[in-house]
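Single-structure report; data block below.
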Amino acid sequence: MAEALLDMRNITKVYPNGVVANQDVNFSLAEGEIHAVAGENGAGKSTLMKMMFGMEEPSRGDIYLRGSKIRLNSPQDAIRMGIGMVHQHFMLVPSFTVAENMVLGMEPRKGIAINYSEAVRLTKEYATKYNLHVDPTEKVENLSVGMKQKVEILKALVRGANILILDEPTAVLTPQETDELFDQLKLLKEKGHTIVFISHKLKEVKAICDRITIMRSGRTEGVFDMQQVSEQEITRLMVGRDVVLKYEKEANSIGKPVLRVKDFTVCSKEGKRVLNHIQLSISEGEIVGVAGVEGNGQSQLVDAVVGKLKGESGSVEVGNVPIGGMDIESVRGLGVSYIPEDRMRQGTAKEASILDNIISTRFKGKEWSKLGFFKRSKMLELTEEYIKKFQIKTSGPNQEIGMLSGGNMQKVVVAREGSTEPKFLIAEQPTRGVDVGAAQLIHHNLLELRSKGCAILLISADLNEILELSDKLLVMYEGEFVACFDHPSEISEQELGLYMLGINRQEQGDIRRGMHV
Amino acid sequence: MFKSKHFEYYRTASVLLIALLLTFIIISFVSGQPLHTIYIFLYEPISSLSHFGNVVEMAIPLTFTGLALALLFKMNMFNLGAEGTFYFAGLMASFIAIRISMNGALHPLVCIMFGGIVGAAISAIPGWLKAKWDVNELVTSLMFNSILYGVGQYLLNYKLRDSAAYQTASFKFESTAVLSKLIPGTRIHTGLIIVIVCVILAHLFMYKTRWGYELRMTGANREFAEYSGIKTGRVIIYVHLLAGLIAGIGGSVEVLGMYSRFQWNALPGYGMDGALVAMIAKNSPIGVVGAALFLAYIRVGADMMSRYSDVPSEMISIIQAIILLLVSADQFLKFWKNRMLLKEAQKHA
């Protein structure tokens, strides 16, 4: 290997909320390689990359570029030194054209005006050079996710990036788009660029990377040449033990339907149908999974089944009660629980204690207060019980929830939502950004609820999770269900990808019959 | 030794200390006898019972407005309406104290309750606008301060003014309405009891009741509160009512405890000082007492200083500005917290 192009030595990063994201991490990048950074969610990969890109400053430790020490105070510094980053969530202005986004902040000028034709020319030049074909005059909001990613990569290249950091680039892509991306990355490598590829999907890492740095709970577990290490080996280092997500599901007698969505249609502001005549029925003791590329109507479906979204046509019923237009308190009163996708925004109040977060959905009950005064010792007991049952790592019920790691925070959310004897539970990305141990615990909890007769709607981008847990799997594409599978664990991820991408679709009649509606 | 979870206490203490040190530095530039001046500033307020009485009687209105604002701030509402509410409720209490005669024990109570209810009603308007249409509470509350002042001046001049008085002031209160003195040798009045009761009730409300819980959750993350099934619009309205009630009681108590006529010809400023008190106290009702006492202490100290030395009392504005600046500056001393965190992390590793 050539000498290190970029070297991060003994990096420690502690966030203001006390979370230690990196602890004495060493990372070294050789010129012209594709280097994977692998690890479970929450292992500290993103933090490390943010420091490499100047978005965060290390609490301790140094960064060296070509042997000389550098200080990155902002992404501008990083860009100046030839480091570019493609974020998981794109940093583009949707209402601007591709070319305008491309030159944002470095606009070519003609007098005092911006020289648009030059911007278009520049975009075309780079697009041809790197074989990343985009239409420079198209508005970004009209592009598909895969296209947006190309724009992001080009944006970094136009700014002179020599080192390119890709933060989980495949998370939002279908398997087919992923293959295309890999071809492009190989081309970039041939042209002499160095790429850092962050992922926790081993197959992908194996497919294109030269070397791999494995991280686990904030530390580096080792650096390997890709040929010299097996997938099993990597898994073991990533999670600290051999884990196969495989669950023994006991056969369950399926009861009467709990959730009934009939012919539900919703249009976006632009008049596009984001939910198109949705039919859905979930029964007691049944887990129905919904797979799909993000942004195909899943979040609207969730809003609809919690009563937040009123449809243009159709109805949503929970236990034969129509919930359209009901307030959240009454919907919850029907026995509906909801594990939201974003635990920071919706699922928790991060300055509040664990106890406060646990009781938020049940404190109105008579048994929790007397004349309006809380029965605090009873609440403490409850919280301690959940801390024990869910193995939440904390100093006690009064600790601020914001001080916990993502996985433990999510356990609090699941404990709260799963423990009120729900009749119907919506689990939206229940294990996103959560370590494997916590994920297993959460999965077991969902299965436990299933055997108690709870109807569960599971929406997840984690295909492994959704294939393993679901009794029935639906695929969503552009606001419609395009496939329904009765035995999800027998489907391959590739096959699922074809449906998610909208290439294949089943007959509507078959889907309905599959759903028994 | 230092723990990061106590960081906020250290920071507040450092802020107060830095403000005091800066004061000393400025004093030593302006004063002919800096040491003597500092001595007066620090010691005079506690040198005698009557001086200490001054501190307490000034702390009473500051505690009232501080409490009202602590409730609002805790809910993450930056409403500064306590100023106008305090003033206007005082005027309304005066109205009852002047125009209506009543049995001695009942009279002040009726005045104060009336002031409080008026305060609650006034305060509910920005709250309702916020809950209903998400109107910025800072804007409405500040505008209300001006409106209330204008209306108050009109009422004072055309309805309550005693032309026989030497200044613009109302008729004298009925003697039955005036709050009696509590401690001989000082002007400390029975309002002290009322304020202590209010502090305890506010504390219990905030931390022990379900309504206080709803308040705290709405403040910590409104979206989370909504998601959990709390009707945050309703919470915003009842907290505004409560804050207005406290500020209103405060205004009434101040007028009846300290004066014999209503004679505020400008907004008294307690509402704005209350914001400072609430911020120093980190919105804790019990903390408000300490913060109000501290502020009253340096105020009285500055007052004494201007009387017995060559430094004017306006000096105090500088201290207040520094405190406000540092308390509200999130990044201040952050590096210190980061270092504490790093150390603790290493210990655990």
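Keep in mind that glycine also has a Cβ here, set from the backbone N, Cα and C atoms.
Taken from TrEMBL, the feature transmembrane segment applies to B:12-32 (among others). Counting residues 6+ beyond its ends, the transmembrane segment (B:12-32) has Cβ neighbours under 8 Å at 38, 41, 280, 282, 294, 298, 309-311, 315, 318-319, 322-323, 326-327, 332-333 in the same chain.
Annotation comment: TrEMBL describes B:52-73 (among others) as transmembrane segment. Sequence-remote contacts of a segment are chain residues at least 6 beyond its ends whose Cβ falls under 8 Å from one of its Cβ atoms, and for the transmembrane segment (B:52-73) they are 45-46, 79-80, 82-83, 85-86, 137, 183, 185-189, 191-192, 195, 198-199, 202, 206, 215, 219, 239-240, 242-244, 246-247, 249-251, 253-254, 257-258, 268, 270-271, 273-275, 277-279, 281, 283-285, 287-289, 291-293, 295-297, 299-300, 303.
Feature annotation from TrEMBL assigns transmembrane segment to B:80-100 (among others).
What TrEMBL lists as transmembrane segment is B:106-126 (among others).
Residues or ranges marked as transmembrane segment by TrEMBL: B:138-156 (among others).
Residues of the same chain lying 6 or more positions beyond the ends of the transmembrane segment (B:188-207) and with a Cβ under 8 Å from any Cβ of it are 53, 56-57, 60, 63-64, 67, 70-71, 74, 108, 112, 179-182, 215-216, 242, 246, 249-250, 253-254, 256-258, 284-286, 288-289. The transmembrane segment annotation in TrEMBL covers B:188-207 (among others).
Here TrEMBL flags B:235-256 (among others) as transmembrane segment.
Taken from TrEMBL, the feature transmembrane segment applies to B:276-298 (among others). Residues 8, 12, 15-16, 20, 41, 45-46, 54-56, 58-60, 62-63, 65-67, 69-71, 73-74, 199, 202-203, 206, 316, 319-320, 323-324, 327-328 of the same chain lie 6 or more positions beyond the ends of the transmembrane segment (B:276-298) yet place their CB under 8 Å from a CB of it.
Sequence annotations record features per position, and here TrEMBL assigns transmembrane segment to B:318-336 (among others).
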